[in-house]
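A.B. asks: Found this in Swiss-Prot, in case it helps:
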- Asn266: N-linked glycosylation site (CARBOHYD)
- Asn437: N-linked glycosylation site (CARBOHYD)
- Tyr438: sulfotyrosine (MOD_RES)
- Tyr441: sulfotyrosine (MOD_RES)
- Ser593: phosphoserine (MOD_RES)
- Ser595: phosphoserine (MOD_RES)
- 208-236: region 'Interaction with gI' (REGION)
- 588-601: region 'Acidic' (REGION)
- 1-30: signal peptide (SIGNAL)
- 31-538: topological domain 'Virion surface' (TOPO_DOM)
- 539-559: transmembrane segment (TRANSMEM)
Amino acid sequence: MGTVNKPVVGVLMGFGIITGTLRITNPVRASVLRYDDFHTDEDKLDTNSVYEPYYHSDHAESSWVNRGESSRKAYDHNSPYIWPRNDYDGFLENAHEHHGVYNQGRGIDSGERLMQPTQMSAQEDLGDDTGIHVIPTLNGDDRHKIVNVDQRQYGDVFKGDLNPKPQGQRLIEVSVEENHPFTLRAPIQRIYGVRYTETWSFLPSLTCTGDAAPAIQHICLKHTTCFQDVVVDVDCAENTKEDQLAEISYRFQGKKEADQPWIVVNTSTLFDELELDPPEIEPGVLKVLRTEKQYLGVYIWNMRGSDGTSTYATFLVTWKGDEKTRNPTPAVTPQPRGAEFHMWNYHSHVFSVGDTFSLAMHLQYKIHEAPFDLLLEWLYVPIDPTCQPMRLYSTCLYHPNAPQCLSHMNSGCTFTSPHLAQRVASTVYQNCEHADNYTAYCLGISHMEPSFGLILHDGGTTLKFVDTPESLSGLYVFVVYFNGHVEAVAYTVVSTVDHFVNAIEERGFPPTAGQPPATTKPKEITPVNPGTSPLLRYAAWTGGLAAVVLLCLVIFLICTAKRMRVKAYRVDKSPYNQSMYYAGLPVDDFEDSESTDTEEEFGNAIGGSHGGSSYTVYIDKTR
């Protein structure tokens with residue numbers, strides 16, 4: 001939509017977004033891209049046609065949560081909404097609808113933010129002045145829709161699985177002409193006998209003109225994940241709101257639409273106030289018979305079934321020819337904001353009682369904003385040798401006050417909320433101006449819990465254990481907070497060989513008392529640090545060498561015994577006239593006849609033995 005010289009707002013409808021700094025690159029009207037491989041397609045579709053968005057089921061495992069600092073309200077576990085809560089304690093539920101609005105730059109309400117709990121990396125929050133905010137959704141209240149697209153919880157509805165999952169799609173930009181009709185057709189993949197509820201909502205763009213008009217743009221989160229989405233200028237979003245046009249409910253009984261009796265409930269008075277006819281609604285279809293400028297904007301279709309399936313589609317309706325008449329402006333790429341943190345560490349450390357060693361988190365960072373506040377915190381929970389494995393629910397670090405994190409099953413074998421863990425050490429860098437090397441030029445204040453008896457090194461990223469007792473065995477979790485928000489999480493299991501426990505990281509929230517425990521097998525095998533114990537390393541080398549020597553000795557003895565058996569058989573059991581030996585003919589008994597020197601010499605010369613009538617001579621024929 002041309003240059004971005006002021007903040008913009010975007011409707012996020014993509015799946016599987018990795019957290020990080022929000023950037024809008026090449027913000028010009030571009031062709032619609034397929035989310036999975038970003039193949040380009042036609043920008044516009046013909047007027048008076050029926051449009052069917054492309055949907056794709058392969059997406060990443062992540063979920064978005066909208067939340068704000070409005071008044072606290074009771075949380076309904078059966079509702080597809082999440083009620084805003086302050087102190088960053090909004091949490092994710094298995095809801096099946098999704099809608100939100102991006103606002104980069106000047107905020108509508110600095111308390112309302114968009115964040116992603118299911119990734120270990122940065123949350124989407126850029127501070128009070130440059131935060132990512134949301135506006136009220138659907139019926140104008142402060143409830144914010146969410147979606148859970150964890151592939152382990154849903155199957156593929158298009159393949160007929162019993163546990164379908166929400167489906168991705170590509171955005172559709174529809175060009176219409178004044179006084180002409182247009183039809184929007186959403187993708188419908190239904191299962192026989194399931195009751196479906198469809199909702200059409202509408203964000204008008206009547207007050208949005210020029211560069212403030214909604215447009216499909218290329219959006220990047222961090223430097224690795226980019227996608228197409230609808231972007232609306234912040235000034236436009238302040239002057240308009242989203243309306244829920246209608247809701248339709250029916251039970252799918254067959255392939256023919258005529259067999260599906262449905263009920264349409266018009267929940268918006270927008271078009272009545274404008275003295276215009278509301279759009280006609282059918283299952284998966286929205287029709288406008290005569291297009292006026294009041295019908296232009298963003299249409300969002302959501303469908304959820306009684307079996308837990310959920311899907312959606314987004315349409316951007318604009319005047320035909322707008323992109324040709326709009327003055328082209330050069331693309332502007334905003335400077336990156338926030339920070340990026342990456343860590344490398346071992347997930348386990350085996351020690352012997354009395355050892356002295358260091359537990360290091362190798363932290364690599366790239367900070368784009370200054371001044372900033374940085375908190376490095378070490379947390380600890382003891383391990384139970386009967387737990388195989390220990391489970392770390394990283395989502396609870398982003399939502400420490402969520403009920404699922406504070407009250408869950410099998411608490412002795414899990415790490416959830418930081419409120420339930422012990423704080424070992426922390427280092428704080430406040431109002432730091434040096435983004436390149438904060439450890440050298442910024443004042444860091446460290447605090448150690450004396451009960452652990454550990455030493456903090458390397459600016460707060462390394463714990464030193466001295467004369468380590470068995471009681472310090474446990475799961476140590478390292479958390480990086482940037483400007484008050486969780487940016488990175490890492491963990492290490494410290495234990496002896498006798499009480500070693502594996503640990504894995506889980507996505508999502510832990511099961512509560514009313515939910516069955518997870519049945520999936522661990523996907524990750526925790527590596528053991530090969531250099532953690534000299535005694536263990538020496539024993540491994542010695543055992544391996546002894547095994548090799550023993551194997552060689554066994555092979556040698558087997559080969560030798562086999563050769564001896566074969567040789568003895570050939571000498572003792574060789575048949576007559578073999579190639580190597582043959583039996584001599586019998587001669588007269590020398591004791592019964594007169595002996596002569598000549599006969600004795602002959603017998604001694606040929607190596608024979610005499611003493612009977614069956615005198616036998618063995619002669620080597622090869623000589």
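Placement of Cβ uses the backbone N, Cα and C atoms for every residue, glycine included.
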A.B. asks: For Asn266 (N-linked glycosylation site), which DSSP three-state class applies?
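C.D. replies: Note: Asn266 (N-linked glycosylation site) is in a strand by DSSP.
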A.B. asks: Which of these glycosylation sites has the least crowded Cβ, counting other Cβ atoms within 10 Å: Asn266, Asn437?
C.D. replies: Asn437
A.B. asks: Fewest neighbouring Cβ atoms within 10 Å: which of the modified residues Tyr438, Tyr441?
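C.D. replies: It is Tyr441 that, of the modified residues Tyr438, Tyr441, has the fewest other Cβ atoms within 10 Å.
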A.B. asks: Can you tell me how the residues of the region 'Interaction with gI' (208-236) break down into helix, strand and coil by DSSP?
C.D. replies: 6 helix, 16 strand, 7 coil
A.B. asks: Hey, how far is Tyr438 (sulfotyrosine) from Asn266 (N-linked glycosylation site), Cα to Cα, in Å?
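C.D. replies: Taking the Cα atoms only, Tyr438 (sulfotyrosine) lies 57 Å from Asn266 (N-linked glycosylation site).
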A.B. asks: For Asn437 (N-linked glycosylation site), name the DSSP secondary structure in the helix/strand/coil scheme.
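C.D. replies: SS state of Asn437 (N-linked glycosylation site) = coil.
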A.B. asks: Whole-number answer please: how many Å between the C-alpha atoms of Asn266 (N-linked glycosylation site) and Asn437 (N-linked glycosylation site)?
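C.D. replies: Cα of Asn266 (N-linked glycosylation site) to Cα of Asn437 (N-linked glycosylation site) measures 58 Å after rounding.
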